[in-house]
Amino acid sequence: MNPIVINRLQRKLGYTFDQYDLLIQALTHRSASSKHNERLEFLGDSILSFVIANALYHRFPRVDEGDMSRMRATLVRGNTLAELAREFELGECLRLGPGELKSGGYRRESILADTVEALIGAIFLDSDIQSIERIILSWYETRLNEISPGDKQKDPKTRLQEYLQGHHLPLPSYLVVMVRGEAHDQEFTIHCQVSGIEQPVKGTGSSRRKAEQAAAEQALKQLELE
């Protein structure tokens, strides 16, 4: 792996690994090696959820559990993590098998998001909980400063449905138009048909639900509600 690219990634992450093999494992998709990043992803997912929940709890002392849950969901969802990955230029650093490389896996949101979680797990194992908490909060500083409780934190499908109902319009319809990948690593493509939008809106995700949410979010943007 290109050391220049790896060093640039570590600068963008704000962390230099002592155990280099942990970094390489975090960047390794299961299509590339049996020593892949899924266990690190499992660990990182839990750590990220805790750090964000703790930050929201202390930032919003008067906000109820429901609003905090919705804010956390916004901050840890796949497309937010994929945005972080693109800020880190993470796609250039991924270790992918030939099939994933050919299909553009280095651009796929689900792979980028999973790798960010794996990096969180790897940094924790390479350091301690205080270090990874500090790093996550630095990554999320702008997003934490900008987020606020309220209807905007409801998931996209709920917001789209409420908007259409409020305007006495038909509910959206969601149709699976493509499923690719093996059972353990699938990508779903959904078309969402919405009254007021001429063409179906497309969303992709690692599950049908995530793809529907992504399509609903795109529909909201076209309706200028995002």
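Each residue, glycine too, has its Cβ placed from N, Cα and C.
Annotated domain 'RNase III' per Swiss-Prot: 6-128, in sequence order, evidence recorded as sequence analysis. Summarising the annotation, Swiss-Prot assigns Mg(2+) binding site to GLU41, ASP114, GLU117. Sequence annotations record features per position, and here Swiss-Prot assigns active site to ASP45, GLU117 based on sequence analysis. Taken from Swiss-Prot, the feature domain 'DRBM' covers 155-225, and the record attributes it to sequence analysis.
In the predicted structure, the domain 'RNase III' (6-128) carries a mean pLDDT of 94. Across the range of the domain 'RNase III' (6-128), the DSSP-based residue counts are 89 helix, 2 strand, 32 coil. The domain 'DRBM' (155-225): residue composition by secondary structure is 26 helix, 20 strand, 25 coil, according to DSSP. When the recorded positions ASP45, GLU117 are scored by other C-beta atoms within 10 Å, GLU117 scores highest. The highest number of surrounding Cβ atoms within 10 Å, among the binding-site residues GLU41, ASP114, is found at ASP114. Taking the mean position of the Cβ atoms of GLU41, ASP114, GLU117 as the Mg(2+) site, the remaining same-chain residues with a Cβ inside 8 Å of that point are ASN37, GLU38, LEU40, PHE42, GLY44, ASP45, ALA113, THR115, VAL116, ALA118, GLY121.
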